[in-house]
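Asks: Quick one: the structure is below, questions incoming.
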């Protein structure tokens, strides 16, 4: 029976949902979404290009920023095609295997982004607390290991959740509540005991996001302790200013994530528009705002952007 259920599930198809009640406006609604994707993808690609081509930015802080941009692209690109297909009335159906791949990419890069933010907090902690040892502690080899570990940790922990979905029968409606596949949306349609997915998913979220957020908090405790020991007020402000972009990036990821989790667990009977709105904020806001924040708040990135769009003589160094 298990093999039979798995075979029928793998051949099944799900149906994506746009904006319920506003189907006649989907073409117009797609315009701001296209702009968001354009800004997010272009902004992150520009940051990757600047970090790669400018030797002055081959430092730990900017390597981690490049990892953040890759995570942002990993979160936004898997949703773009299916969302625009729904809004442009091209297709609303998605095969189960494609759905699982999309879920895997969304959740993996979401957890990876959280891990990268932790690494960036540790980077700021080392830079402020141990400035003379900064280059010797955060070597390129260690940074590469951190990036690989962040991706593997997220991917390996997600695989059991994705694999278990193939063994569930989906005998009710196959209509999803979003224009892309999310794990919590799929298990809602399963006609089987999903306790493993619910409990394991909660454990994974607690382990990854909980440990990452705790690590970020502890890092900033050490940062504040070191900053308060700086004699001059100007020196304290300068040290804290180097953390401003990172603090914004943390809030941009964690606030929508917490909001989406609360809505899914405690507001199940609220309007579908609330769930859709929160999911779009969670997946689209970080990739769009992170490049803008780092371009505005980080002088070296701002100069790199200006060099790309303005003649060399126009850029004030």
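Every residue gets a Cβ built from N, Cα and C, even glycine.
When I checked TrEMBL for this same protein, it listed these features:
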type	residues	note
TRANSMEM	28-51	transmembrane segment
DOMAIN	43-294	domain 'G-protein coupled receptors family 1 profile'
TRANSMEM	63-88	transmembrane segment
TRANSMEM	94-122	transmembrane segment
TRANSMEM	142-168	transmembrane segment
TRANSMEM	198-223	transmembrane segment
TRANSMEM	244-267	transmembrane segment
TRANSMEM	273-293	transmembrane segment
Asks: Averaged over the domain 'G-protein coupled receptors family 1 profile' (43-294), what pLDDT does the prediction give?
Replies: 89
Asks: Please identify the stretch among 28-51, 94-122, 198-223, 244-267 with the greatest number of Cβ pairs below 8 Å relative to the transmembrane segment (142-168).
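Replies: The listed stretch sharing the most Cβ pairs with the transmembrane segment (142-168) is 94-122.
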Asks: Counting only pairs 6 or more apart in sequence, are there at least 3 Cβ pairs under 8 Å between the transmembrane segment (94-122) and the transmembrane segment (244-267)?
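Replies: They do touch: at least three Cβ pairs between the two stretches lie under 8 Å.
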Asks: Would you confirm whether the transmembrane segment (273-293) and the transmembrane segment (198-223) meet the contact rule of 3 or more C-beta pairs below 8 angstroms, pairs 6 or more apart in sequence?
Replies: no
Asks: So which of 28-51, 63-88, 244-267 is most in touch with the transmembrane segment (198-223), counting Cβ pairs under 8 Å?
Replies: 244-267
Asks: May I ask for the residues of the chain that lie six or more residues beyond the transmembrane segment (28-51) and have a Cβ under 8 Å from a Cβ within it?
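Replies: The answer is 18-19, 22, 57-58, 62-63, 65-66, 69-70, 72-73, 76-77, 80, 83-84, 87-88, 284, 287-288, 290-292, 294-295, 301, 304-305, 308.
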